[in-house]
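Trainee: Pasting in a structure now, in structure tokens, and then I'll have a few things to ask.
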Amino acid sequence: MEALKQKIRDEGIVLSEQVLKVDAFLNHQIDPRLMQQIGHEFAERFRGQGITKIVTIEASGIAPAVMAGLELGIPVIFARKFQSLTLKNDLLISKVFSFTKQTESTIAISAKHLTRADHVLVIDDFLANGHAAKALIDLISQAGASIAGLGIVIEKSFQDGRALLESEGYRVEALARVQSLANGQVTFRD
Ligand code: G4P
Ligand code: NA
Ligand code: NA
């Protein structure tokens, strides 16, 4: 998606060979027009497949997921990273290890929002090693729902996430695929 790649070139900051900072439009300040275009692009790639729900994870997955949900006309569920006081009963729970933060966290969604009749599109802001994606897939599978694929805003293609997900048969659609962050430069894969 060219508009996204241009935004990354213009406003992304290469923090290291592993980490791209996009606080200017995705992870802190949000560019609503770009998010709308991102939602449109996800909808184009996944339309017509009987998708009934989008599942993402707080916080940064929510904006692109909501825009995709708006385009597809379906609800968006975001997994919570902690057990909130009002989210107690019938919880589906999974653990996710963050390579970036070197911590394990628990994520949860309420079972009442997902059933075996659902066909789910998973959306997230970044795909690195795929741990967050795997935990979301685990939650969706616990509900007995099926998975149409994963929509990722920024894939770091030099990490293992895509290979892991594709090896398990999942379709991965990334709107920007970063091949390298070497020498302070963002190089895209295509
Ligand atoms: P993984 O899920 O693919 O294995 O990735 P990892 O554990 O490394 O990701 C942990 C967190 O760091 C996630 O955000 C993920 O989106 C984010 N992340 C991973 N690589 C990058 C990167 O290069 N740049 C930026 N900006 N973020 C990256 P989170 O902890 O869930 O936070 P939130 O932003 O959703 O609140
Ligand atoms: Na993030
Ligand atoms: Na995320």
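In case you wondered, yes, glycine gets a Cβ from its N, Cα and C as well.
Annotations in TrEMBL come from automatic prediction, not curation.
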Trainee: Going by the xanthine site in TrEMBL, where N27, K156 are listed, which of the candidates L20, L164, L165 is also part of it?
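Mentor: My reading of TrEMBL gives L20 as the candidate in that site.
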Trainee: What does the DSSP secondary structure composition of the domain 'Phosphoribosyltransferase' (32-156) look like, as residue counts for helix, strand and coil?
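Mentor: Reading the DSSP string over the domain 'Phosphoribosyltransferase' (32-156) gives 41 helix, 46 strand, 38 coil.
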Trainee: Give the helix, strand or coil assignment DSSP yields for L20 (xanthine binding site).
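Mentor: Where L20 (xanthine binding site) sits, the three-state DSSP reduction gives strand.
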Trainee: Counting across all protein chains present, how many other Cβ atoms fall within 10 Å of the Cβ of H131 (5-phospho-alpha-D-ribose 1-diphosphate binding site)?
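Mentor: Excluding its own Cβ, H131 (5-phospho-alpha-D-ribose 1-diphosphate binding site) sees 19 Cβ atoms within 10 Å.
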Trainee: What other residues of the same chain, not counting A128, N129, G130, H131, A132, have a CB atom within 8 A of the CB centroid of the 5-phospho-alpha-D-ribose 1-diphosphate site?
Mentor: V96, S98, F99, L127, A133, K134, Q159, D160, G161, L164
Trainee: Restricting to the domain 'Phosphoribosyltransferase' (32-156), what is the model's mean pLDDT?
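Mentor: A mean pLDDT of 94 is what the model gives the domain 'Phosphoribosyltransferase' (32-156).
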